[in-house]
């Protein structure tokens, strides 16, 4: 028997066979949901609240503000009721003597409490007055609604507050020091850890903007495409824009969140609206809804009107008394805010650039003094002034004059009268350069119709500008009229547009993963919505219906890329931006060779010509534009603006910046500039802006304090960079338009307007200086030449049916592209062409009627 | 919105509806369930075992795998049965949609009730076809089987992706993530709902809820 001696042997038992229990199982450690912030259900609301809390400077401010609003409401109602019922005006006006028994012998002094009715009389009066009780009940219901809303909001915002503190690590006290860009950067940072949005590992800036501005982007796009009925041609007044808060509220109610609106919830359009199949039915449904909402508005009109009047009275009377000039002051109209807004521009960004443009704008408006009015005003002021002077000197001599009836009233009225007159009298020492002023305005507001340029001195331009920049008094008046007019606009104007609206939402809605349904314009895709006359020629594939007007896509893209330097645009957009920057660089190079009349130069000039520099850059820009530009190579950005900066200013700017700069480039460039000192008085602004962009990107790595301050300073640079780009792009556009028969439209008329007012328009053509390329129906009908088809096609909803018989709705609609709904492309396209080929038989008669009325009226 | 959604579409014969639905729903739940958790004092847990079993379909040439949990099966059968009845009562060739929604609960403070936040929704759109003769039925039997096989592969592909899943909870939070009512398995919290095509569109209650929420929102 062979003995095998193998190496294999039984192992000694070195472990205890554990009883079949739990020890041998895999043991896991739960991560637990330590963060409250993963997987947030409604990210739209969440981001909106985060933004709101940031804008309102923290929780406490917001709480106080809301509480005071509630208190104010109670006060307005209570005070009004009190004034109406509990005051004995006879005593107040001293028509009746106060009958104090024990005061019989003394001279009687009327005190305020004497004028009040006793409580029981007062309450009896209120109880007997049905109207007052009715109003009070309604006010009470309204107030309760506000109160519940307030409590709900407080609870929600408390959560946001703890989000700021625990997740973003920003205490409420520090919040005002953070720019939104920083808050946003932190949100993007913590998404990696908390997964607020579960679709993506990382959020982008654009995602957050899309969510906050989802509906605003739609509104901007609709105004841009002249879809909303806010522009009217009235017999006496001419072109009028009527767009009030009440109207806006109703639009939003109808489209976005009201019962039965187009949107299912905050983030998705209802599926039936995405399909082209039954657009006529949907349009019918929409117009019925608009009718109902219009009627509801009409019924509620008295209540809203009373409220508006009371509110206006209490909030403005005091201001008017204190500074009567404020009524003559101007403000950016609601329409202006919509027209001037970029896609994806947050409220504070818009407001800050509009405010920067305010001074120049009011100056521009003041250029237009009617000489006739001035003469009248001068004389009225003279007479009023002399009476006032006499009254005042009499008062100074003996103040008993004031006790004479109506003397105080007269003095006050005369004062107001003189102030008003004075606003019509131009300052003797002012010199106005409207053309330059307009350019400065453009640098801030970024949008302007073409035909304004070169016509800045005309009254027509002024009138059109005043639609964007209206008198405060007009604003208040419009708000007061709004409750009465709104129902009519809804019922008679908006209802006709229901088909266009349905088409708009279908064509211009795209579903973005992780964001939901957004307006496709807001994607700022040059390829899809670019306008060939705005530098995206060759890149854009958009049909005329798809092109955003006024270069909105291009300018919005630039704006967004500049304000969010860390954002990675899609390929086409990157291409567009880099191409533009290249162009800037080329021209900058030319500029250095002494070609001062280049666009860039004028863009510099425009910024310089502002007499009161608005910010750091403007301060820097006052240096003489001459000689050479200091350039330094910078990877990534080859582009340089040739904006020139005085050396001393540079030095001071550098001093404020250099300790903060984290980018080596920046430091290097600064030190070299400093070294050159007085010898080299110039630096390229683009270089500065470019490097600041770097710094902004780099600053996230640095300590919080440094990052904060840098970002504050740099966001200012960003806005100036954008200003320069805006002016530059407009210059380029102007040049491009000159070379080709472009089709820029100031207000695209809606279909009914243009057809009704075609003769008026052609009349206007003779008097109005419009840009040669400004197409309108009158011109169209006369020339009917080569441009006519193009224009007709472009202005998809506005072809005057009289002028060209081809304005069949079908032919128009067949141009409509199918937005992002690829699945629907076939069906939709088929559908869209249907009306042309005798869909009349297929459509039920009543639908057909609506269709026709939309098309032809 | 903040949830993934997957849509599957099948067209089946009337009598195949419940088997097809069961096959798909069970397949999804198979991958979205774990064994029961046994928590220990140190804050760790171990996972119990789950059994699986093959189920052969009667009207389809198809076999699918499901968790061998009768309770779960009963719950799903009940939902599918209701769906089938609703589909049948709606007319002959109805179309409907059954959706399986995985959600997690989030505790809210006092004035609000707990929120149920979905993180994944599977919608299965069903088209019921009518067949004329036995031969067609036979073909359909095989075809549907193949189709279902594809769908199962589809589901597995989707589930295999590295995407968001609720984090494994601690003992106190386990009810917010998992359905712990079953004694043998522990699926993620789920909800099955269905719609019949002509009632597609928002129901009255959701509209009302939205209306109230909207008025409350800022």
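Glycine residues also receive a Cβ, built from the backbone N, Cα and C atoms like all the rest.
The model shown is predicted, which means the values in this text are computed figures rather than measured ones.
Feature annotation (TrEMBL): of A:349-371, A:372-394, A:441-463, A:464-486, the stretch labelled transmembrane segment is A:372-394. Range annotated as transmembrane segment by TrEMBL, chosen from A:33-58, A:59-84, A:85-110: A:59-84. Feature region 'Disordered', per TrEMBL, maps to range A:684-704 of the set A:663-683, A:684-704.
The stretch that TrEMBL tags with transmembrane segment, taken from the ranges A:12-30, A:126-144, is A:126-144. Annotated by TrEMBL as transmembrane segment, the relevant range among A:265-289, A:290-314, A:315-339, A:490-514 is A:290-314.
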